[in-house]
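Visitor: Pasting the feature list from Swiss-Prot:
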BINDING   Val12, Gly13, Glu14, Gly15, Ser16, Phe17, Gly18, Arg19, Val20, Lys35  ATP binding site
DOMAIN    6-256  domain 'Protein kinase'
REGION    1000-1322  region 'Required for the binding to Kinesin-12 members'
REPEAT    1056-1098  repeat 'ARM 1'
REPEAT    1101-1140  repeat 'ARM 2'
REPEAT    1143-1182  repeat 'ARM 3'
REPEAT    1183-1223  repeat 'ARM 4'
REPEAT    1226-1273  repeat 'ARM 5'
REPEAT    1281-1320  repeat 'ARM 6'
Amino acid sequence: MGVEDYHVIELVGEGSFGRVYKGRRKYTGQTVAMKFIMKQGKTDKDIHSLRQEIEILRKLKHENIIEMLDSFENAREFCVVTEFAQGELFEILEDDKCLPEEQVQAIAKQLVKALDYLHSNRIIHRDMKPQNILIGAGSVVKLCDFGFARAMSTNTVVLRSIKGTPLYMAPELVKEQPYDRTVDLWSLGVILYELYVGQPPFYTNSVYALIRHIVKDPVKYPDEMSTYFESFLKGLLNKEPHSRLTWPALREHPFVKETQEEVEAREIHTAVVDNKAAWMLKGNGGQQRNEKCDSVTLVEDMSATKGLADVQSDMKSAVKVNSPPTEDFVGFPTQEEIKSSGNPTLDKLENTSRTVKGAQVIGENDKALDLVLLSLERFSKSPDSKRDKDVACSVQSLRIISNLVATRAIVSVGLIEKITCALLDFTDALVGMKSPEFNNIIPKSLSVTKNLVGHVEGNNIHSSYIRHWTKVVEIFIQVVRWEEEGTGRIIYEACSCITTMLSRVAQDLKSSTPDSVSKQILEHANMSRIVDHLCLCLASSGSSLTSGSSQMLAAACEACRAIWILIDTSETFFKNDDVNILPLDALQNRLSQHDIGNSEWGPLSEKLVDTVTRAYLRSKHVQVAVGHCLHQRVEAPLVSAIQLLSRCCLHNGILPSMLCGLPSSLPITTVVSGGEDGTVISEIFSILSYATLSSKDQQTGEKDNFEGRLNNLVFHSCLMLATVAQCLKLTGRNSVLLMLTTSPKKHQHRLSAIANHIASDDKIEASLQNHSASAMLALASILALEKGSSAGSSVSELVVSLIPRATKLCYHLRPMPSNEGEVISHSANYAKWHGLLDGCIGLLESRLKWGGPLAVQQLIASGTPLLLINLLAGKLSNASPEDIKKTSNRIGLSPIGVVWTISSICHCLSGGTTFRQVLVKIETMKLITCLLSDAHIKLVKSWGGPGGGKDGVRETINVIIDLLAFPFVALQSQPGSLSATASVNSGFILNIGSPGVRVCMEDRDLLKAIEEDMDKYIIVLLEVGVPSLILRCLDHLELKDLVRPVAFLAKMVGRPRLAVDLVSKGLLDPNRMKKLLNQSSPREVILDILMIISDLSRMDKAFYKYIGEASVLQPLKEYLTHVDPNIRAKACSALGNMCRHNGYFYSALAEHQIIGLLIDRCADPDKRTQKFACFAIGNAAYHNDTLYEELRRSITQLANVLTTAEEDKTKANAAGALSNLVRNSNKLCEDIVSKGALQTLLRLVADCSTLALNPSKKETASESPLKIALFSLAKMCSNHQICRQFVKSSELFPVIARLKQSPEANIAHYASVIVAKVSGES
């Protein structure tokens, strides 16, 4: 016998093994299950194992084991025919959740008998689970699916290969220890426990947690469980295999031992079944004759219709061809299983449509089809009250059409359109009646419609497609709001029609000549707000799933698919299918934004994404539905859900945090444990673990195809992890704990789950595979959340071991020559918003960051810096804009990849020769600074993916500034430099974490080289136009993002040549200064701008004119009273230096009433502010006496500083200021004396005199304020008699006379001058 001896009725299941159909043995009424297993892709070992399974099954004859009736194979496939059992025990669990103990006991008795039979025949099932237990007629339990079964020889004791379902696996299996037949007994215990309780004894979504529970945790038994039942389960669920209940004691246990009545009933049932089977076999001959006879007289006359003779002739010829038929298909149930409509013509048409040839005959005859459609049209047009009598005929017509569609018997476009219209009208009429009796018909009609609208000849979408679309949308909008039990299948099929049609539209829009109908459909989708209704479908599905029902699960999956296809198609439409050219590629090939098309999303797409994002954020039910789509491990909905969530993350900055389970009100700088179990991020990591385990266990003939599907899951899962991590990073969140939780074990598991999908170091692929590239990207993106190699983080112990070796990473970064010697592009078709090399370069940057100085030196020695420079240069052949569009992502670096590349180069600067190779070479600097050009910045800003937009522009500019600032940081950080010892210095923010800081501590030779080449470097900066580039960058950034650019300006201002260039290029433009000195500016920006003003003022009086024109005095005045003491101090310092060289600003200071505020700062509680205020007062009095009257009030404040200040420099500034107050006139001399300032100066001299006369080796008198105090007294006594008289009469005058003997020359000199002036000596 062969497959030709069976009718194939319908598909009942499928999996990696193949497909299972419901069938019927010809000429009998025997219903069978037919399992088809393809040989393609299977090894000889696999085929041998399949034959072994068949042989095992063939020998088994038991009432509780599915019986194999037949088997055969050809060159392409195996077919195993078994008895047909109606449902799975799994379905009972889904519907009823749990069963009463009496029913569980009845099932247990049958399963025990089945296992007793198997084990007595030395066969281990090895995959006991509810899905492999079927329920046949009379509630007879049938054990099936022996794909993992293994026959043991008489010498076999234990086996070691691991198979089975984790939930039902015994402890010895999960521990990969030897096992025997008792593993089946453990699985039996788990199944019975689940039937009674509602879930297995150990249940969790995490494979690792599940294994831990199975091995270590005790089983908890419900209190209401009977003693016998609990005793039986304890005997089975014993973690020690040798202590489990086994044969023969098992079959004699009171819980499963059969009573005499049960034995007798079983024997009677077996006899009846055997007799029925024999009767069916004996009836073959007669049944065959009847079937042939019926086929010959297939169609009777229909008096009211013309043209049937032609149909009848065709039918008869079809019968001749089909005796016996050699090809069957999946359609509606057989004629024996359905109720006839009473229309003989339709009966015979349906009978003929059941064979492929017969269906083709009907499909080629328009008149026959008109007969079939007539009842559908009549039903659609009749009033509701008259439709009841048309139902049977309409349903029969539907079955006929289903058969025709299943065999693709209808090829005419016109007929397809006609049938589709009729079906949609019929379905719409059924939906409008809102009658539960049609709940089984509507989904069947929609299913057939879906097949029709999905089958469009060629690439053309006909004008009628828009009519079909609008009707499908109308139907979907009606049914999606149905909440009655049993409507889940209807909503699913309606949603599936939407998905199918959108998929066809997407395909059309990607063609070279898209049809206008496709665009009309997108416009209608927008106007009808179909995405809102799809979100409603998700919400309804989530509500149903939350209540414990799974009827809406398929609808949720299909809604996810439909939403994503709609969004993706809208973006394709907006871009007119322009390839997303990466900004770096466009820059290197001199393409403008116009040349590369629009790299943003588009208004319709943004609107759709916004709708979905809002629905997800607001509705817990929508979140539940999408979560179930992820959890199903079915490729299409899972990938759609991942892409949808990834896209929403790019649209809304809240969503990435939400997917990690972070509190919505969490401050950016606060670090908490994210990615805990139950979050979406946790589920994504579980998918990666699932893919790893599945790829190891996969042994079927479809291995290549299965591996491809797993790689696709890995690809999209890793891209989502990367997107979430990058979004968190771009919003300022910096910690891997946000995604990996605070558990070190989870750090290990999750990072390893990603790393497992990166090819091992000993296997370097000729080209980087997409899933491997995305795994690299995910790992790099997560590691980038850590700012530095913190020893306290468990990640630091994992990072270096997980990152591939540098040789492998660098291999993929090298140009790939083609056969003709030209360099070919990286990643022509990788991902829409990522570069193929992003992950590779990101891991290289992580290795440099985490690997320490040794890693840096090794990579430098291997030529990595030059490799990175060449990568940025895009060492590719010149290409036209058209060629670039054909091969997108030529260099393979997205904006984030570019940032990581620059960062990697920056890390290499601390390793010796790289500084001269990169920063002192003008060609290299031109290449790097080109990334700061308006052209590139605009390209990055318009980039729609991660690393684009305003955040991407900020990151791009900042990383290049870090690179350019390296020499400045290195020199400022060396011991003894002013900036190294200052608490707040110019551009200090750039010093934090910079490799330049390490240079002064680790490499004195490099520091010396930088000092030698600094002048050359400054020349290069000027030649490539860095000062003007940085100034233009300020215009591209938001105020909050100006910290690092302004810090770099502050560092450059410290070099005179750069300062001159900056000022000439508009650094001090009034509008710019107004913006930067605004109260809303970041604190660091304000401090650095104040420092810039101060440094320029101190450097050269030529800058006074530009500073004056910059209108900075008003903000300086305001900052004198700022709450931040550092800002007050910087403001005082700037004002002091603005008065350093001359009195240019004196009148302006008076006009803005600044002097009074400066005097108040002399009493500031902040030491630095007090010091710089005294300095500013002194300079305000130095050049002339214009401000003396305003400064009169400062005398008392300065005198107080001399007695209360803690820092000697502050006292020195106060003493110098007092001297300047009498330098230009005697206006303030009397106040100096009367207010005690002169006496305070004398007291200061007296207090410091002891040290001056006897200086120690560690501390000299020149470091005290004594010198300035003596200098001030000398000036006062030289010019003003009142001062001389006061000093001469003071009891402290002898102290000054003694200081003439000081070993410090200046002190002795000033003391001598004072004594001489006071004593009247020349």
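Including glycine, each Cβ sits where the backbone N, Cα and C put it.
Thinking about packing and proximity, how do these listed features fit into the structure?
Guide: For the recorded site, Val12 (ATP binding site), the DSSP three-state label reads strand. Over all protein chains present, the Cβ of Val12 (ATP binding site) has 15 other Cβ atoms lying within 10 Å.
Per-class residue totals from DSSP over the repeat 'ARM 1' (1056-1098), listed helix then strand then coil: 32 helix, 0 strand, 11 coil.
The average pLDDT the prediction assigns to the repeat 'ARM 2' (1101-1140) is 97.
Distant neighbours of the repeat 'ARM 3' (1143-1182): 983, 1101, 1104, 1108, 1113-1114, 1116-1117, 1120-1121, 1125-1126, 1128-1130, 1132-1133, 1135-1137, 1188, 1190-1191, 1193-1194, 1197-1198, 1200-1201, 1205-1207, 1209-1210, 1213-1214, 1216-1217, 1219-1221, 1223-1224; these residues of the same chain sit at least 6 beyond its ends, with a Cβ under 8 Å from one of its Cβ atoms.
Within its own chain, the repeat 'ARM 4' (1183-1223) has Cβ neighbours under 8 Å at 1139, 1142-1143, 1146-1147, 1149-1150, 1155-1156, 1158-1160, 1162-1163, 1167, 1170-1172, 1174-1175, 1177, 1229, 1231-1232, 1235-1237, 1240-1241, 1243-1244, 1263-1265, 1267-1269, 1271-1272, 1275-1276, 1279-1280, 1283, counting only residues six or more beyond its boundaries.
Beyond the ends of the repeat 'ARM 6' (1281-1320), by six or more residues, the same chain brings 1222, 1226, 1229-1230, 1232-1233, 1238-1239, 1242-1243, 1245-1246, 1249, 1252-1253, 1255, 1260-1262, 1266-1267, 1270-1271, 1273-1274 to within a C-beta distance below 8 angstroms of the stretch.
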Visitor: How many neighbouring Cβ atoms, not counting its own, are there within 10 Å of the Cβ of Gly18 (ATP binding site)?
Guide: 18
Visitor: Mind giving me a neighbour count for Val20 (ATP binding site)? Other Cβ atoms within 10 Å of its Cβ, every protein chain shown.
Guide: 20
Visitor: Could you count the residues of the repeat 'ARM 2' (1101-1140) that DSSP puts in helix, in strand and in coil?
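Guide: Split into helix, strand and coil, the repeat 'ARM 2' (1101-1140) gives 30 helix, 0 strand, 10 coil.
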Visitor: Specify the count of other C-beta atoms within 10 Å of the C-beta of Glu14 (ATP binding site).
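Guide: Other Cβ atoms found within 10 Å: 11.
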